[in-house]
Amino acid sequence: MAAAAAAAAICGEDETAARVGCTGEWAGGIERVDLGERKEAVAAAGAGKRSVYLMDCAPVWGCASTRGRSAEMEDASAAVPRFADVPVRLLASRRDLDALGLDADALRLPAHLFGVFDGHGGAEVANYCRERIHVVLSEELKRLGKNLGEMGEVDMKEHWDDVFTKCFQRVDDEVSGRVTRVVNGGGEVRSEPVTAENVGSTAVVALVCSSHVVVANCGDSRIVLCRGKEPVALSIDHKPDRKDERARIEAQGGKVIQWNGYRVSGILAMSRSIGDRYLKPFVIPKPEVMVVPRAKDDDCLILASDGLWDVVSNEEACKVARRQILLWHKNNGAASPLSDEGEGSTDPAAQAAADYLMRLALKKGSEDNITVIVVDLKPRKKLKNIS
Amino acid sequence: MVGLVGGGGWRVGDDAAGGGGGGAVAAGAAAAAEAEHMRRLHSHAPGEHQCSSALVKHIKAPVHLVWSLVRSFDQPQRYKPFVSRCVVRGGDLEIGSVREVNVKTGLPATTSTERLELLDDDEHILSVKFVGGDHRLRNYSSIVTVHPESIDGRPGTLVIESFVVDVPDGNTKDETCYFVEAVIKCNLTSLAEVSERLAVQSPTSPLEQ
């Protein structure tokens, strides 16, 4: 992740900064800032540039989903612009913020959430995740935000682990009926399972703000970052034959059995999920979290269920998504809406990319439900200005 | 809820020491009854490349309720959570009837074709054989029996489910047993939940009084 650690404090020029979308177009032409060059960034800030932490970040995405050749539709997805504000201290150290002249305790960054949930045994848990993950995550962030002020130097990665672990655990507890939840459209609060004990879902979630992408994954859906034409996997599938996963399951007294592929107890072909209480404690809802500072050459994020990844490689997905976004802008540049007008709705270029990836998976024979979200990290407004 | 009597023991005899508070004598008697049911009704003769096992479940619901769920060969989805759809060929339910079962996603199979071998409403015995499907269970044969018992002084039900099946190429006996047992445990847990829910709703249930 060394290369991914770039851009912790990239600065853009003031006048463009106010108008750029999710990072990206640095009109001033500051190239990639590597880790350890913070001094340069700080100096730039002093010279009238604007910190990435102060930038707005308009979400630009497209989402495509199909039942495909499967009998049931059990995928779900979420795209929630401005679902929460992230305390800046979860993204940068107090020292760095002080150096940038920023108020470490007060500053909060608007964040957007994208998630793909691939259900099995039914759609109930995937649908529940779609409705709840962003709500619970927002609550966890608020709770943590209150406590941050009293803490010393915080370990950012640890806090993100904690926030997402609590969030996924909470949703899992609600699904299994271990804690209360609101039922009957808000009328009542009760502890009762959402559905049968053999229903579950993957959850891959990306929190996007102007400076970072924070990813949490549980299961075998996947998120890939297209950075400088190269694919960077931001999640590692939780398959039962992964060495560490197998060891964890066996240490709990469980078994990974090859039964049409490696499966927990011979049944479930993933080692972590939300739901599936009949396979606890072997199958757990704990996510793996990755905190990725954004870089100038970040192109887009692709979140998808295994209906895509089973037949399309990370590399091909990145190539196709980039090409489709560029193509759309080339063909429709003049008609491109400003990203700040498109707030809260999908972007046609990212949508074209998501649609294309979904159709490609179908064409390549995917047998499963297919869900693809493409988040464009490089708003193409300048293309419009040029054209 | 349902206690896995004896600290989680599923296998026959595992619960001899646990008992539902009935003391060692009652527990011993219960274990003896289990052993007798096993000997009489669940004697499989596994071949060299087969494995066999039996699981027990104690359910806090009267035997007629539990049996009404177990005996519905045409509607296993009433309690089996992995079944999404079931159609009986021909329609009439009799010995030799064949059901086409569709299973839910997330399992190493999508269909199973199963034949009714025995349905005894007096002795409460159901026996089913797998005759097709895209799963790996060849020559799978199962027997489910239900027996009245007293749980904490109330009418309860002892369910025993046993099976014999070929060990597929590439797997061990242990793995095969572990897999089948995991599926049966899930089914029996669900059978208990559904039965106990029905028992609470049913006006004739002594549990309600």
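Each position is counted from 1, following the chain as shown.
Any Cβ shown, glycine's included, is placed from N, Cα and C.
The region 'START-like' feature in Swiss-Prot is assigned to B:44-196.
Positions annotated as disulfide bond by Swiss-Prot: B:C51-B:C177. Taking all protein chains in view, 17 other C-beta atoms sit within 10 angstroms of the C-beta of B:C177 (disulfide bond).
For B:N139 (abscisate binding site), applying a Cβ distance below 8 Å and a minimum sequence separation of six or more within one chain yields B:Q50, B:F130, B:V164, B:V165, B:D166. The feature abscisate binding site is assigned by Swiss-Prot to B:K80, B:109-114, B:136-142, B:E161, with similarity to another entry given as support.
Take the CB of B:P81 (site 'Involved in ABA binding') and look out to 10 A: across all protein chains shown you find 23 other CB atoms. Annotation note: B:P81 (site 'Involved in ABA binding') sits in a coil segment as assigned by DSSP. According to Swiss-Prot, the feature site 'Involved in ABA binding' maps to B:P81 (among others), an assignment based on similarity to another entry.
Annotated motif 'Gate loop' per Swiss-Prot: B:105-109, in sequence order, evidence recorded as similarity to another entry. Taken residue by residue, the motif 'Gate loop' (B:105-109) breaks down under DSSP into 0 helix, 0 strand, 5 coil.
Summarising the annotation, Swiss-Prot assigns site 'Involved in interactions with PP2Cs' to B:P108 (among others). Every protein chain shown contributes to the tally, and the Cβ of B:P108 (site 'Involved in interactions with PP2Cs') ends up with 20 other Cβ atoms within 10 Å.
Mapped onto three states, the DSSP output places B:T172 (site 'Involved in interactions with PP2Cs') in coil. For B:T172 (site 'Involved in interactions with PP2Cs'), applying a Cβ distance below 8 Å and a minimum sequence separation of six or more within one chain yields no residues. The site 'Involved in interactions with PP2Cs' annotation in Swiss-Prot covers B:T172 (among others).
Annotation source Swiss-Prot lists site 'Involved in ABA binding' at B:V180 (among others). Long-range Cβ neighbours of B:V180 (site 'Involved in ABA binding') (same chain, at least 6 residues apart, Cβ-Cβ under 8 Å): B:C51, B:S53, B:L137, B:Y140, B:F163, B:V165.
For B:T110 (abscisate binding site), the same-chain residues lying six or more positions away in sequence with a CB closer than 8 A to its CB are B:N102, B:V103, B:D134. When the alpha carbons of B:P81 (site 'Involved in ABA binding') and B:S141 (abscisate binding site) are compared, the span between them is 20 angstrom. Away from its own ends, the motif 'Gate loop' (B:105-109) comes close to residues 82, 133-136 of its chain (Cβ-Cβ under 8 Å, at least six residues beyond either end). Neighbour counts of Cβ atoms within 10 Å were compared across the binding-site residues B:S112, B:S141; the minimum falls on B:S141. The local packing around B:E114 (abscisate binding site), expressed as other Cβ atoms within 10 Å of its Cβ over all shown chains, amounts to 22.
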